[in-house]
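Please read the structure below before turning to the comments.
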Amino acid sequence: MDLSLHVALCLGMLALCLAMPPKEKQVRWCAKSKSEFSKCRDLVNTCKNKEITLSCVEKSSTDECLTAIQNDRADAICVDGGDVYKGSLQPYNLKPIMAENYGSHTEPDTCYYAVAVVKKSSTFTFDELRDKRSCHTGIGKTAGWNVIIGLLLEKQLLKWEGPDTESLEKAVSKFFKASCVPGAKEPKLCQQCAGKKEHKCARSNNEPYYNYAGAFKCLQDDKGDVAFVKHSTVPEELHKDYELLCPDNTRKPISDYKNCNLAKVPAHSVLARARDDKSKDIIAFLQEAQKTKECKLFSSQHGKDLLFKDTAVSLVPLPPTIDGFLFLGAVYYQEIHALKEGVKEDDLAAPSKVRWCTQSKAEKTKCDDWTTISGGSIECTEAATAEDCILQILKGDADAVTLDGGYMYTAGQCGLVPVMGEYYDLDDLTPCQRRSSQAKGVYYAVAIAKKGTKVSWKNLRGVKTCHTAVGRTAGWNIPVGLITNETNNCDFASYVGESCAPGSDVKSNLCKLCIGDPAKPLDSAKKCSPSASEAYHGYSGAFRCLVEKGDVCFAKHTTVFENTDGKNPAAWAKDLKSDDYELLCPDGSRAPINDFKRCNLAEVPAHSVVTLPGKRKPVVEILVNQQSLYGRKGFQKDIFQMFQSKDGKDLLFKDSTQCLLEISEKTTMQEFLGDKYYTAVTSLNKCSNTKSGLLSSCTFHSC
């Protein structure tokens, strides 16, 4: 082909490509009934978006919609907590991306109350529900099934030995006289439903008694004696005719739902595929739709609670890291699981082992050694970071881990409790000799600099800083919190120069000094990781960063002593002298490194072992036993030592730990951390750019 013709053809094709409009973005909403599909078609016409088009996919049930989204034949649906649980599991693998807000635009409320509504003319109490006629929103739904059935089991009013004996539906059908539970397979649970032919007992609006309004209509029509719905279901003009049935066997007015409810539960949420980025388009479309006056997301001429609940005032985007488990919360998630799988005898028995979460290969190696000599009392799990360990414990995949105060704050916000604290004071070992002691381990957060440099606490602007990790106490929360308060500036990265703060955005200024794994320089995934795979992570890592690159290092008061004067044989540390380093004091002066009690940034709580509240007792008992064997004064300390690290520093526990002290069961995380430190971390986390993804997920709502 002639060269000029070839060039002309290429240029023509290029021009054609450039002239073609970009591919149109589309959000396909799944409607699970004809009335929902009609509302969806209305929204197509009224919720116009210049960049994103809405289309509607009609299915006959929530399950069909979940399958359609999984198979990329639809993109989104708004469901209740029970379906969030189902959608988050295999094979669907969906995640919540937005939540309905029932509060106001300025004070969002993404929770609601599950209640039991009865007619005022009736007289029975909660404990007298047996043999009553019941109206439910739908099988597997939060207010209409999961909460009430879970509560009946908990109060032992309903007997169920588990799915191996009989189905839960069968057990419930024996408890109530007759019911309407849309979606149920047990005939007696569909007896009171009003749908015609194939629509009778359908888990969609094709069944008149489906959902909140439907369950209440079932009660109104005298097809039931009680309806399990949400706190806002009963119209205000009908409050005079109905009451709430309280679990304490009293009754209260409909308006007193905060003092008479079955549970406070997470809002309905929008589900989307977890594996792709379609979530961005869905969120963008819905945010724009809420600004359009003609776009009526939360009402419809075609019926009640179609696509979204009518009581919602807006849709709130969820933190990107949130999944079904974190959205629902550990307690509710496990309750739903128990309703699906039953409670096994093994779940009720006291654990005979502690599954310890490790955060690096070196920790796993030490833990494996511990497992071998523990007689089965210790097992090990693997995680990449402290936050991954917190998540493992929440999900029941691990039992315990030792955390720094910063991560303890996050753990507490996620529902874990402190059970044993590290104790460091070599000068007073009396507390280690008692089973219970009021003593509490503390250490000091300090700023370390090389002797002879001009840097001080008062002139940190533009200096190179080294941190243990984002979210940790001495290396981040204390220094960054103090600097943020003093400068009234949340943008710490712009205040200092280059930094290594493992856990930061790898492209940011806060990761510039990080080096990853020196043994694998081409593995960019290791750089700035909040784990041992980043050489500058942790106390020793932050100090190494100071030695090799930085101007100031934020660590604990023993860090210099543990890495100088021959204490650390690593190549980078073996020739270092402690006299070559000084402490930076908050008043702008400097002090010798042994003057930490006077010259420090804060006295902070010791690292602590955390676990779930229900596992506190076995974790403490096993650790007390293991400490008596392998602690500093252990009978078998020659075989293994819990508080020493052969192949690294501070593995599983800090090497300076003298013993573990039991923390009183009544001690809250806030009390253990101390009000001053707790308040400092809370203030620091108001800076959105410093708040971790897990913390954002755990604190998104309080239900």
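Residue 1 is the first one shown; counting continues down the chain.
The backbone N, Cα and C atoms fix where each Cβ goes, glycine too.
Residues or ranges marked as signal peptide by Swiss-Prot on the basis of sequence analysis: 1-19. Residues or ranges marked as domain 'Transferrin-like 1' in Swiss-Prot: 27-341. Annotated disulfide bond per Swiss-Prot: Cys30-Cys65, Cys40-Cys56, Cys180-Cys193, Cys246-Cys260, Cys357-Cys389, Cys367-Cys380, Cys432-Cys659, Cys466-Cys545, Cys490-Cys687, Cys500-Cys514, Cys511-Cys528, Cys585-Cys599 (among others), in sequence order, evidence recorded as sequence analysis. Per Swiss-Prot, Fe(3+) 1 binding site is recorded for Asp80, Tyr112, Tyr212, His268, and the stated evidence type is sequence analysis. If you look up Swiss-Prot, you'll see Thr137, Lys141, Ala143, Gly144 marked as hydrogencarbonate 1 binding site, on the strength of sequence analysis. Annotated region 'Connecting region' per Swiss-Prot: 341-350, in sequence order, evidence recorded as similarity to another entry. Marked as domain 'Transferrin-like 2' by Swiss-Prot on the basis of sequence analysis: 354-686. The Fe(3+) 2 binding site annotation in Swiss-Prot covers Asp404, Tyr443, Tyr539, His607 and is backed by sequence analysis. Positions annotated as hydrogencarbonate 2 binding site by Swiss-Prot: Thr468, Arg472, Ala474, Gly475.
Neighbour counts of Cβ atoms within 10 Å were taken for the disulfide-bonded residues Cys246, Cys511; the minimum is at Cys246. Look at Cys545 (disulfide bond): DSSP puts it in a helix. When the recorded positions Cys56, Asp80, Cys357, Cys389, Cys511, Cys659 are screened for a C-alpha within 10 angstroms of the C-alpha of Lys141 (hydrogencarbonate 1 binding site), the residues that qualify, in sequence order, are Asp80. The Cβ neighbour count for Cys180 (disulfide bond), using a 10 Å radius and every protein chain shown, is 33. The subset of recorded positions (Cys30, Tyr112, Tyr212, Arg472, Ala474, Cys514) lying with their Cα within 10 Å of the Cα of Asp404 (Fe(3+) 2 binding site) consists of Arg472, Ala474, given in sequence order. For the recorded positions shown (Cys56, Ala143, Cys528, Cys687), fewest C-beta neighbours within 10 angstroms: Cys687. One way to see the shell of the hydrogencarbonate 1 site is to take the Cβ centroid of Thr137, Lys141, Ala143, Gly144; the remaining same-chain residues with a Cβ within 8 Å of it are Asp80, Gly82, Ala114, His136, Gly138, Thr142, Trp145, Asn146, Val147, Asn211, Tyr212, Ala215, Phe228, Val229, Lys230. Counting only same-chain residues six or more apart in sequence, the Cβ atoms lying under 8 angstroms from the Cβ of Cys545 (disulfide bond) belong to Cys466, Cys500, Leu513, Cys514, Tyr536, Cys553. In the three-state DSSP assignment, the secondary structure recorded for Cys514 (disulfide bond) is coil. Within 8 Å of the centroid defined by the CB atoms of Asp80, Tyr112, Tyr212, His268, the record's Fe(3+) 1 site, lie the Cβ atoms of Gly81, Glu100, Thr137, Lys141, Thr142, Ala143, Lys230, Val265, Ala267, Asp305, Lys309, excluding the listed residues themselves. Checking each of the binding-site residues Asp80, Tyr112, Arg472, Gly475 against Cys367 (disulfide bond) by C-alpha distance, the shortest gap belongs to Arg472. Taking the mean position of the Cβ atoms of Asp404, Tyr443, Tyr539, His607 as the Fe(3+) 2 site, the remaining residues of that chain whose Cβ falls within 8 Å of it are Gly405, Glu422, Thr468, Arg472, Thr473, Ala474, Lys556, Val604, Ala606, Asp650, Lys654. In the three-state DSSP reading, Tyr112 (Fe(3+) 1 binding site) counts as strand.
If you take the Cα of Thr137 (hydrogencarbonate 1 binding site) and the Cα of Tyr212 (Fe(3+) 1 binding site), they are about 5 angstrom apart, rounded to a whole number.
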